[in-house]
Amino acid sequence: MNIVNTIKDVRLIIKKWKDENLSIGYVPTMGYLHEGHTSLIKKAREENDKVIVSIFVNPIQFGPKEDYSTYPRDLVKDSSLCEKFGVDLIFNPETSEMYPNKIYSHINVDILTENLCGEKRPGHFQGVCTVLTKFFNILNPTKAYLGEKDAQQLAVVKKMVEDLNFPIEIIGCPIIREEDGLAKSSRNAYLNKQERKSALILNKSLKEALKALESGEKNLNNIKDIIVSKLNKEPLAKIDYVSIVDSITLQSVEKIQSSILVAIAVYIGKTRLIDNFTFKL
């Protein structure tokens, strides 16, 4: 397995692979890898000749009061995990490699970024789309693998790839959970013992909502109320948003047409966690 830090070097490797007509699966990450990431790597390994993982904590997708400086990093552990799961190449550029000068060009995806995390984290998806556009141009992958836990990000990136004619297939992979139901996240590392226990309220509230939908509840305001009521019973939980949107357009819906995304963002102490599920008629 190679670990490469420069765009020049990674392009030389990619060119060789492309000359040999090899397919490339790409997993973009910010590092501090967990089982959610390794599920993406395994899928990429199954479907491609070569697998690349990028590890880059992207500064332009963090707001001024967010956790860029404290975001967990552990390249040694990440490298070991990547090697274990058959990754061929880790691309781990410095910030100065990705952004050597002040950046004037940004990628925005309208409409899909107007609510959910896009509303609560202004500029976040512009940063995500800009860095992924750079990575797609540098790495030229056949397929890219993203987790469904970040459902809005997945929808936004799919639309960006469609609109800008990137010759890349975007593959969404299911949420991976701890045994007790908490969605795997690098930010779970911030939680102390009590907060970790309290964080289970996210999945519990969504489970109640899903159960109501499966039992025939069609009033989406009632579904929201079920989630809010459950979350409010947890003292350490502070709701950022509870939203029900069309799973493709991410626009708010008043009734279920075909497929809905039920998404929540909740602060447990100072840590912001997200979770979701999709429900189809």
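Heads up, the Cβ atoms here are built off N, Cα and C, so glycines get one too.
Features as listed in Swiss-Prot:
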type     : residues                        : note
ACT_SITE : HIS37                           : active site, proton donor
BINDING  : 30-37, 147-150, ILE176, 184-187 : ATP binding site
BINDING  : GLN61, GLN153                   : (R)-pantoate binding site
BINDING  : GLN61                           : beta-alanine binding site
Euclidean distance between Cα atoms of HIS37 (active site, proton donor) and GLU148 (ATP binding site), Å: 11
Those binding-site residues listed as LEU33, ILE176, and which of them has the most Cβ atoms within 10 Å of its own Cβ: LEU33
C-alpha spacing of GLN61 ((R)-pantoate binding site) relative to SER186 (ATP binding site), in angstrom: 16
Rounded Cα-Cα span from GLN153 ((R)-pantoate binding site) to LEU33 (ATP binding site), Å: 18
Subset of binding-site residues (GLN61, GLN153, ILE176) lying within 10 A of HIS37 (active site, proton donor), CA to CA, in sequence order: ILE176
Cα distance (Å, whole number) from GLY36 (ATP binding site) to GLN61 ((R)-pantoate binding site): 20
Cβ neighbours within the same chain of GLN153 ((R)-pantoate binding site) - under 8 Å, at least six residues apart: CYS117, PHE125, VAL128, LEU146
Those residues of the chain, 6+ apart, with a Cβ under 8 Å from that of MET30 (ATP binding site): ILE55, PHE56, VAL57, ASN58, TYR71, SER186
Under 8 Å by Cβ from GLY36 (ATP binding site), same chain, sequence gap 6 or more: GLY147, LYS149, ILE175, ILE176, ALA183, LYS184, SER185
